[in-house]
Amino acid sequence: FVGFQNKWDTMLDSPPLLLLLLLFASPSGAQPPNPEQHKEVLISSSGQPFPWNHMRLPKTVSPLHYDLGIHPNLTTLDFTGVVRIQLQVHEDTGVIVLHAKQMQITEALLLAPEGVRPLRVLEYPPFHQLALLSDTLLTRGRTYEVLLGFAATLSDSFHGFYRSSYHTSSGAVRVLASTQFEATFARAAFPCFDEPAFKAKFTIRIIREPRHIAVSNMPTVKTVALPGGLLEDHFDTTVKMSTYLVAYIVSDFLSVSRTTQRGVKVRRLMKTLLRHPLSSSQTGSVEIWEERGVVLLPADLAAIPDFQSGAMENWGLTTYRETALLYDPDKSSPSDKLAITKVIAHELAHQWFGNLVTMEWWNDLWLNEGFAKFMEFISVNVTNPELHVDDFFLGKCFEAMEVDSLPSSHPVSTHVENPMQIQEIFDDVSYDKGACILNMLRDFVTPEAFEIGIIRYLRRFSYQNTVSRHLWESLTDVSAHVHTHRKHTEFCSARNRPSGASKWYSGDELDVQAIMDTWTLQEGFPLVTVEVRGREVRLSQERYLKTDEFLWQIPLTYVTSASSTIRRFLLKTKTDVLYLPQEVDWVKFNVDMSGYYMVHYEGDGWNAIINLLQHNHTVLTSNDRASLVHDVFQLVSVGKVRLDTALELSLYLSRETETMAVTQGFQELVPLYKLMEKRDMAALENRMKSYIVDLFRGLIDRQEWTDSGSVSERVLRSYLLLFGSVRNYPPCVEKATQLFNAWRASGGHMSLPVDVTMAVFTVGARTPEGWDFLFERYRTSLQMSVKSRMKVAMAFSPLQGKLTRMMEQSLRGEVMKLQDLPDVLVTISRNPHGYKLAWDFLRANWHTLIKKFDLGTSLVAYMVNGVTNQYSTTEMLDEVKLFFGSLTEETGSEMRCIQQTYETIGDNIRWMDAHLPHLQAWLDKRSSHTVHEDL
């Protein structure tokens, strides 16, 4: 699904949930503009001229230290505070411009060596800016302090300093206050210089009632009793860091803790009714980096009942959705464990990539998020090898390519200025494409050189801000000394294979920046066309889907029928030729999909590969097989390959057993009948469903309804049994019905195998009685992972009244929380009985949704794209355009996700018009197979 930003990966990294969603399913901005360039005068809220007219803050002063005192009132749901900011003056000035959003400034003083002076305050709300006007000049080179008193209401969204709540086991409502400041929401909690380059130290004090606890980025130094029975917690001073990493929580949480081998305390905080032990996987990533000599701050991990994203890397106090942190060995599935471990690894990776070394401006967000996404796979592969996390890296690249193929995509490093633009780039391009090009670079320079260069980068720029060039310089310095002959080891290979000599390591060629600029400064990705003529391999590159004259430097890898040794070639020009030592039967480029590009095999190339897969598919790794399935179907869309060629290749899947290749088969085949659903083509739709069931029937029949086997085997089992149940494959439906009835008869107390619960719940939710029972169990359950499976199963019920009830419940935040509404909405939109309901709900509640989730955020994009991206008729495109075209800029008309939606529906219409006859004809040839009309 296009445009879904990956910080909210927790749910989507679960293959069964992915299946349900599938089934139903130019860079700049590093410096602010010169104020002399624009003479427009802005008018402050008081009617007076505002002394600054740019979205970015001036650099006349910068903060050195914040002394911040906060007093939240969890009864009246507001807060007051005082902040003293120590400033360094870089240019003589009488004006200090900083950020504040939706707060009352109650006091403003300049604390200078000459004495205390009042400051006049002007506000310009559209830019979230305050101007503090001094009647004396602040002199260059000197330091001053400003003191600001402020008051505001705890936010009812998921950003800034916001309120959250939960129900105890007795039904009582408990309220807490928590923060979420990335990217531009610290300014809603206290006046500050809310841009990442304005790093400073923070000393925080929080006033609370004795029944609450307070936590922040640093450990508590002391607690002081105040008049009126209140307590004030004083926290140690932080290291130098950006405002978006500040965090504090006031709650009645309990905590459990562990200490790593080197003495770093890792503490987890959660509401009292959830008491799971702190698992080794939650400290493992810390210990990886300790081994590399990097000293860590003490770490708190807090599970927040209301949380928009998956997690947030606040330095020393990482915050999580409950489903992204809380793991129960008896109730959580292997997919849950994989997702939780990856999210924790992602946030801990941020302690270096983002916190210690921070991008200078949001245009290089990928330096934070691409690295953290990449490192989550690296670290989990070390700490939890049994999870086989490398099996799932490929999916990140495919997800990135889906959004990156659209005309509305953006470069990895891209110009952004206002808060909505900043929020919008927390997407698959920054996260997943960023991770994929880093993986390609690691393979290119060797893992050994990559690690040395990264450690050098972190040490050189600790507590500083960087741009992409600094990373390339660190890697070029190391990589220039890499020998031509080296052993090849790459983390996402299914097996290690010998690597051949490479021409790209000669000293005069290795320019990491020149290579990587082609991947970060232009959007999209290359399609490499390969034509084999005897020993000659002709190569050409073009931008996938577009005719733009983009050129990439592409680190090509390939194996052949004659040798499994990985050969390498750096394609730097539009066309080139390489020569093989001998003629071969087939060649496979982009080994294990370590490169971020697609490959088209011209001439007889695809036929040779199809023949190989049909007769000896295990000669290629599972990643290679998955990438071939992906590429051949994507190439149908651009007219490079006929649909019947792609379908012929898919026939080999009847012998496939590896998770990544099987799931990619579903990812390519299921959308074909989902597009038909929207055109009321029941006969052809059923034939396509029948083909897919027949293709995987043998593998489904071999699945046991137990929790036995390896993690990969268990993940695949959940996926297959769910698919069989959703598609009404009789053996699956019968077994799921039997198990649901027994579970329901036990009052929900019977222990079901974890791996089969999604299939069981989905079948059970088809009847009113079954749905109501699931809803009641959802209401009373304390197990987050079990509730997640119930929620998705209920959202795929054919009972339309129940679906409407779910959406309304989620919007009210009563039984189902508001944070779950996007997931509920998108899952219902994948339901053939619910997609129209979801679209109507999105339109009817649009203004409420953008207020709660904020314009430009990943969840707004997720809802927009998720609800509409399987539409395939001009009538629906017109309806979508009519609604979004009626919006104003203030209500979201400029969001990139709207343009993505138009493009995706247009692509769907063109695909259907062009390829339905070919699909019909190909299925006609297989007409001897039984068509299951009820599938």
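Backbone N, Cα and C define each Cβ position, glycine as well.
Summarising the annotation, TrEMBL assigns active site, proton acceptor to Glu347. Sequence-distant contacts (6 or more apart, same chain, Cβ under 8 Å) of Glu347 (active site, proton acceptor) comprise Ala311, Met312, Glu313, Thr318, Tyr320, Ala372.
The annotation Zn(2+) binding site is assigned in TrEMBL to His346, His350, Glu369. The Cβ of His350 (Zn(2+) binding site) lies under 8 Å from the Cβ of Glu313, Asn368, Ala372, each on the same chain and at least six residues away in sequence.
Here TrEMBL flags 63-245 as domain 'Aminopeptidase N-like N-terminal'.
Feature annotation from TrEMBL assigns domain 'Peptidase M1 membrane alanine aminopeptidase' to 300-480.
Residues annotated as domain 'ERAP1-like C-terminal' in TrEMBL: 586-905.
Taken from TrEMBL, the feature signal peptide covers 1-30.
Residues annotated as site 'Transition state stabilizer' in TrEMBL: Tyr431. Tyr431 (site 'Transition state stabilizer'): 31 other CB atoms within 10 A of its CB, across all protein chains.
Each residue contributes its Cα atom, and for Tyr431 (site 'Transition state stabilizer') and Glu369 (Zn(2+) binding site) those atoms are 5 Å apart. Over all protein chains present, the Cβ of Glu369 (Zn(2+) binding site) has 27 other Cβ atoms lying within 10 Å.
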